[in-house]
Amino acid sequence: MQGSYSPNRLRWLGLACSVAMAASAYLAGEPSQRGPGWGVGVALWAVGAAGLAAVWWRLRNVAAPGWLLVTGALWALPLLLAPPLGSHDVYAYACQGELVAAGLDPYVAGPDALPCQWLDRVSPTWQGTPAPYGALWLVVERFAGAVAYGSLPFAVTVLRLAAIGGVLLATIAGARLARHCGAEPARVVWLGALGPLTLVHAVSGAHNDALLAGLIVAGLLAAVGPLPVVAPLAVADSSARAGRLAAAGPLARAGQLAAAGPLAVVERLAVAGPPAGTDRRIAVARLVLAGAAFGAAASIKATALVVVPFAVAVVPWARTGRRRIAAGGVLAVATVGTVVLLAGLTGHGFGFVQSWPATAGNVQWSSILTGVGMAVGYGLRIAGRPEAYATAVEVARLAGLCVLAAVLVAVWRRALHGGVAQGVSAAGVALLATALLGPVFYAWYALAGVAVLAATAPRGRAATLLHAGAAALVFLTLPDSLGLVTKTKVPGALFDVLLVCWVIAWRVAGARRASSHWSQSGGRTAADLVGRSASFGRR
């Protein structure tokens, strides 16, 4: 197609596909209103989404970030003028915001406690379910619910603006991060701003994962690169600081302690701090800013915390054990401090933890290990043990968490032997693994991992898998938010079993090849191991 169509013509073809998808939102976007036009709407959705994915793929070699960004804005416009596509979670966000604005605890009550005036637009799954999100996102929801004045479209617009802000932050920060990784900024814009996954689930669906992604990418950039403007940080002696804290009020004292915490970590590990040629105050400021970004992201969804250990691998001066401890200490203190500060200032605390079990009630094969548990459960049903189905799913989910822990440790250890690009790649892989191996997976959970990996421009089979997977995730739902995974449980579960078997066979074959190479070469040297580790994420 690219040989016969210029990029400008592809831009307008993509706009036509976006218009078709927007039309499908009006014809087939409401599950309770499946009239004569529903079939036409679904057809427009399928043709529009497939066409948009094809046009987007053909633009992958365009090396003009500005042109791509304008194209993304053009494609997003029809979707912004239409109801949400692929998911109606944004309606639940609006109702949760109205709940908070009314003074009710969103971690105890669901939208039906008011009841929310838009309750009929919320999925039954979320009508009585407390909010599973952190304090920062509840602030965004409350703002949307408070300023809407009873207008659901206005509340949706506010929430979409928050998601678009996250997309822009991820794109701008990702383009700068790509330079540190030796990648082309245009690829970041292409994957992060033009991708079908972003357009459907961030721009149209307004999922909070978009803002989460932006904060994570910005945090990684702060950890690896210089800040545009950094004011000098004066570190006074401990006695003077103690006097100021004693004279300050409780709130001011808490703020000063939060700011002094990371500095104290580096002061105690002065020998292990940045090299002599690095301004330690600026280095600490970068890490504090990175930790604040990660803490803000974790105050949307706690899964963002998984990226913190991997951020240590991208800090340029943290290449020895003690320096890594120093950098990790600053990042951890700043991240946790931000989470605690936001939870305290907003008054919401950590009630979202008690809401997590409610979200795990959705059993779908889109989560790989959950799908394996479903397949085992179906086998037990055939064997006359239907009561063991739930146990099989729970055991498989527990196994998935164990596999996830092993994957995270292995990826992190490899990242420590590489440079910035390897560290950023590892962070993206960790986010995707956390999403895919968790108990529940939805397409928009991949937004953060894809945004991080976009800055590394993976090559070869890894790039093909990432790009194809990001586009294919759009087709897991229909315009009216109906998840196709709920209608394909048996074949989907069998697919997960085959996928796991293939991965195991692939790993076993790889281990045998490595063992054969070891025996033929008389053992690999340490330099060989470091070389293989340094190539991680760039294949």
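Note that the numbers count up from 1, one per residue, in the order the chain is shown.
Glycine too: its Cβ is placed from the backbone N, Cα and C atoms.
Unlike curated entries, TrEMBL annotations are predicted automatically.
TrEMBL assigns the feature transmembrane segment to one of the listed ranges (118-136, 346-364, 365-383), namely 365-383. Stretch with the most C-beta contacts under 8 angstroms to the transmembrane segment (12-29), considering only 64-82, 285-318, 395-412, 424-455, 462-478: 64-82. Highest Cβ contact count with the transmembrane segment (462-478) among the listed stretches 35-57, 325-345, 365-383 falls to 35-57 (criterion: pairs under 8 Å). Taking every listed stretch (35-57, 152-175, 285-318, 325-345, 365-383) in turn, the largest tally of C-beta pairs under 8 A with the transmembrane segment (64-82) is reached by 152-175. Through the fold, the transmembrane segment (285-318) approaches residues 133-137, 208-209, 211-212, 215-216, 218-220, 222-227, 230, 233, 259, 262, 274-275, 278, 324, 326-328, 330-339, 341-343, 352-353, 408, 411-412, 415-416, 418, 420, 422-424, 426-427, 430-431, 434-435, 438, 448, 452 of its own chain, all at least 6 residues removed from its boundaries and within a Cβ separation under 8 Å.
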